[in-house]
């Protein structure tokens, strides 16, 4: 009996102890559950504070990134209206019309029944439509004159000149003309045209430097020059002309060694370079 009572008492004491420990564990669990949200909030606030501190402690060397605009937006600009003073200005005038280019073919000309004659004339003269028209107009303007062509020996210098088919030649005996055998006829500057070779021409002057003695750099031939007696014209060497346009030549001696006296005595030489 005593043993059964003591064992029952021991069971009761064990139950009481387990109940006490369970009761004490329950409040602890509830307390832990109650503390969990606060701990979470504490960790969140700590992380937010850390991020803020990192933002504050960001080194100043790092510049904020600029927002790039697209190329189209850059071209279009901010879209602001033009200033009022520019808005009041009239629009620029339209560009002038393109001038008509010279015709190079007879098909662009209204020649009517003269077309065949015109084309035959072009072929014989070996000219373009513009060149043929120029030749006919020059012939009309320089009535009684013919077009002579000529140049130096090597062909680097070429020219054309309108003059009579019957040439009046001067044979000067001044120091330089005697040395270079300068026989020439005189024409106004407007009737002379250098076709090519300006870069191949060199000029020699002396004394008064009014006479411009021009020579070809390549072959040394003087085919024309500017005489002292006629600074507004040209002296053309007849022996440098192409064959076929000279009908006759008359030669007159000019006493260039006594130039002032010869100029006073000659009544027409100055007028030979005038129109």
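Note that Cβ sites are derived from N, Cα and C of the backbone, with glycine treated the same way.
Note that the coordinates shown come from a computational prediction; the quantities given were computed from them, not determined experimentally.
Annotation comment: Swiss-Prot describes 152, 154, 216, 219 as Zn(2+) 1 binding site, evidence class sequence analysis. Non-local contacts of residue 216 (Zn(2+) 1 binding site) by the CB criterion (under 8 A, 6+ apart in sequence, same chain) comprise 152, 153, 154, 156, 157, 197, 200, 201, 202, 222, 223. Taken residue by residue with DSSP, residue 216 (Zn(2+) 1 binding site) is part of a strand.
A simple way to gauge crowding: the CB of residue 177 (Zn(2+) 2 binding site) has 22 other CB atoms within 10 angstroms, across all the protein chains here. Under the three-state DSSP scheme, residue 177 (Zn(2+) 2 binding site) falls in the helix class. According to Swiss-Prot, the feature Zn(2+) 2 binding site maps to 172, 174, 177.
Under the heading compositional bias 'Low complexity', Swiss-Prot lists 1-10 (among others).
Among the features that Swiss-Prot reports, compositional bias 'Low complexity' is placed at 17-51 (among others).
What Swiss-Prot lists as compositional bias 'Pro residues' is 79-100.
Residue counts of the domain 'CENP-V/GFA' (148-260) by helix, strand and coil are 20 helix, 52 strand, 41 coil (DSSP-based). Annotation comment: Swiss-Prot describes 148-260 as domain 'CENP-V/GFA', evidence class sequence analysis.
Annotation comment: Swiss-Prot describes 18 (among others) as phosphoserine.
Per Swiss-Prot, the feature phosphoserine maps to 21 (among others).
Positions annotated as omega-N-methylarginine by Swiss-Prot, on the basis of similarity to another entry: 43.
Taken from Swiss-Prot, the feature phosphothreonine covers 98 (among others), and the record attributes it to a large-scale study or a structure entry.
Among the features that Swiss-Prot reports, phosphothreonine is placed at 101 (among others), with the record citing a large-scale study or a structure entry.
The annotation phosphothreonine is assigned in Swiss-Prot to 103 (among others).
The phosphoserine annotation in Swiss-Prot covers 257 (among others) and is backed by similarity to another entry. Within the same chain, the residues at least 6 positions away from residue 257 (phosphoserine) whose Cβ sits under 8 Å from its Cβ are 173, 174, 175, listed in sequence order.
Look at Swiss-Prot and you will find 1-109 tagged as region 'Disordered'.
Here the domain 'CENP-V/GFA' (148-260) has a mean pLDDT of 95 out of 100. The Cβ of residue 172 (Zn(2+) 2 binding site) has 178, 182, 183, 254, 256 as same-chain neighbours under 8 Å, each 6 or more residues away in sequence.
Every protein chain shown contributes to the tally, and the Cβ of residue 219 (Zn(2+) 1 binding site) ends up with 15 other Cβ atoms within 10 Å. When the neighbouring Cβ atoms lying within 10 Å are counted for each of the binding-site residues (152, 154, 174), the highest count belongs to 152. If you take the Cα of residue 219 (Zn(2+) 1 binding site) and the Cα of residue 177 (Zn(2+) 2 binding site), they are about 18 angstrom apart, rounded to a whole number.
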